[in-house]
């Protein structure tokens with residue numbers, strides 16, 4: 001199918017496609033276009049958003065005190081049901097925006113799915129479902145389920161039949177399969193969310209799935225889309241799903257530098273990478289480390305080498321069964337292992353709060369992937385360190401692209417690094 005046909009498929013519904021039910025709703029606030037710079041701690045607290053007491057209790061339990069700029073800009077409009085298109089750097093708490101906004105508005109009705117959240121990877125879907133569970137801790141009537149490929153669809157169908165969730169998180173392929181098998185009914189969806197939306201809308205096959213799912217939801221609903229990278233080309237595609245959205249672009253896309261993150265490179269031969277990595281792990285102070293490699297084979301081999309050198313390492317890659325991947329992800333998140341070796345599969349949207357060092361053992365294939373990898377360190381405005389190994393001319397070219405695009409200077413790794421520049425000091 002031609003790109004033009006796909007664009008045309010995104011046009012709005014015909015008015016007679018679905019009976020319109022008049023809804024009592026708060027009039028939408030005027031459209032707001034927000035641009036700004038990131039401030040790690042905003043002066044107002046979450047209480048200013050007038051959230052449900054159950055949500056405020058959960059927020060306190062999670063240790064959040066002040067909303068980030070993205071949360072400050074988006075949440076007041078999002079809880080009124082306004083459509084939101086948001087681009088902001090990794091680690092700024094975008095997930096909490098739609099989780100809190102949808103839980104604030106939800107009125108759980110047995111047997112009805114009210115919230116549908118989709119993202120492009122299984123791991124991210126799993127993580128988002130965990131965020132819903134964290135924030136709905138004091139809302140026992142709200143049921144959350146996550147559905148994605150790689151696990152038995154029969155189990156998913158049983159869950160939908162016997163214990164229908166109010167919040168569904170999943171990947172487009174599995175969601176569409178459940179809809180086609182008539183297990184998942186989307187006729188009562190009031191909130192439609194895409195996280196890392198550019199990844200889903202840039203890939204034509206995934207975009208078609210998203211469009212088909214979108215058409216099966218009611219015309220009147222809230223639509224929210226979020227991403228760390230939102231090119232000027234993809235923004236009009238996003239807008240076709242929305243009605244007069246509030247658009248929040250925190251920082252210009254060419255300046256996606258991460259506050260508090262120190263970025264360095266090391267020039268070396270491919271054969272020298274292991275020795276250099278071991279040396280750095282010996283001398284650097286770290287809470288947790290993520291090491292990115294380019295293939296499953298390298299991932300397995302490097303993790304094995306690290307274990308043999310007595311480093312507490314664990315690997316996650318696409319060659320594993322889904323249950324094993326999620327189990328290992330949870331082990332790392334629970335601090336049972338301090339070093340994770342991963343392929344790009346893990347690079348985007350994963351939120352591990354204790355990670356303060358990221359190694360690009362193999363250079364990422366482009367500047368976007370670089371951003372999503374290094375953003376694993378220094379999330380929520382904390383300090384972190386990113387070290388990239390450069391072993392050939394192509395690596396050097398990509399590093400130059402990163403520096404040009406994001407207007408950052410990635411310097412050569414010095415002999416010694418002041419620990420206070422990349423790790424939070426206890427007071």
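Placement of Cβ uses the backbone N, Cα and C atoms for every residue, glycine included.
Cross-referencing 195-198, 199-202, 203-206 with Swiss-Prot places the feature motif 'DECD box' at 195-198. Most Cβ neighbours within 10 Å among the binding-site residues 90, 95: this distinction goes to 90. In sequence order, 70, 86, 88, 195, 226, 228 are the residues of the chain that are 6 or more apart from residue 94 (ATP binding site) and have a CB within less than 8 Å of its CB.
Counting other Cβ atoms within 10 Å of each Cβ, the binding-site residues 91, 93 show the lowest value at 93.
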